Amino acid sequence: RARCPLRRSAAMKLGFLLFPLLLPCAVATTVGMSLVWPLVWLRPVYQFWVSLWLEGWFASTTAAWMFAHGSPVRLFLDSPAEKKAKEPSAVLTQDPSAIVITMNHRTRFDWMYLWFILPAICAQAVSDFAGVARPWFPFGMTSRIVIVLKKEIGSIPLMGWGTAMCSFLFLERDWERDGPYLRRRVAELVKEGSRPIFLVFPEGTDLSSKNLGRSREFAESRDLAARHCTLFP
C-alpha cells in the first residue's frame, strides 16, 4: 500500500533554528501594524499600510527560508495539450478577479513556497481564461492573500491579532455559523473592490505523526479506509 514516510530532513532542522529569527520579525510586524490601527476609519489608507506590512512580512520570511536552505522550487503546469484534454468543468470559465487556491498541508513550512510560485499560478489562471500567459497583477500579489484559518488561531496573542488585521477568515467548521459569516465577509471584500486570493487548507493542520494518528483513529471510528499521505479534515 502507498505510504508517505515522515522524515526530519536537514532543511526542517534548519527551519527550527530560524524560528528565533522569524519570531522577532512576527512581533515587529504585528506591533508595526497596530500603529496604523487608528486609520481603520480611513479604509483606503488603512488597507494600503496593512498591505505594505503584509507584503514585507511574506517577503522577509520567505527570503530567510529560501536563502538559508538554498531550496530549489520547480513548478509543473499543464501543457497546452493537457489543457485541451481537460473536461470543460475543470477549465476556468469565469473572470479570475478572485482565485481560490486549495492546498494540502504536507509540512509546517510548505505555505512559504506559495509566495514564490503565486505569480505563475495567477499567470496560468489568466492564460486559461483569456488565452494569454501573463500575471493579472504582477506586483502586490501576496498582500491580496486571504487565508482561511481555524477560529482558534484568532485567539492566539500577536499571531491572532495580526491575522485579524490582515482580514483573514476564521471558521468554526459549523456551516450554520460559517455560512452567514462567509457571505458577510465576502460581500465586504466585494464592496471594497479587492481581488482576493483565497488560500484554503482543507485538512486544517500539517501532516505530522500525531495528526496522522488522529486521522487514522477518525477513519476507524467511521469505518473508513485509512489515509497515509493526507488527513481527514
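Every residue gets a Cβ built from N, Cα and C, even glycine.
Source: prediction; values computed, not measured.
Pulled from TrEMBL:
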type: DOMAIN; residues: 99-230; note: domain 'Phospholipid/glycerol acyltransferase'
type: SIGNAL; residues: 1-28; note: signal peptide
type: TRANSMEM; residues: 52-77; note: transmembrane segment
type: TRANSMEM; residues: 113-133; note: transmembrane segment
type: TRANSMEM; residues: 153-171; note: transmembrane segment
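On the 0 to 100 pLDDT scale, the domain 'Phospholipid/glycerol acyltransferase' (99-230) averages 77 in the predicted structure. Across the domain 'Phospholipid/glycerol acyltransferase' (99-230), the DSSP tally of helix, strand and coil residues reads 67 helix, 17 strand, 48 coil.
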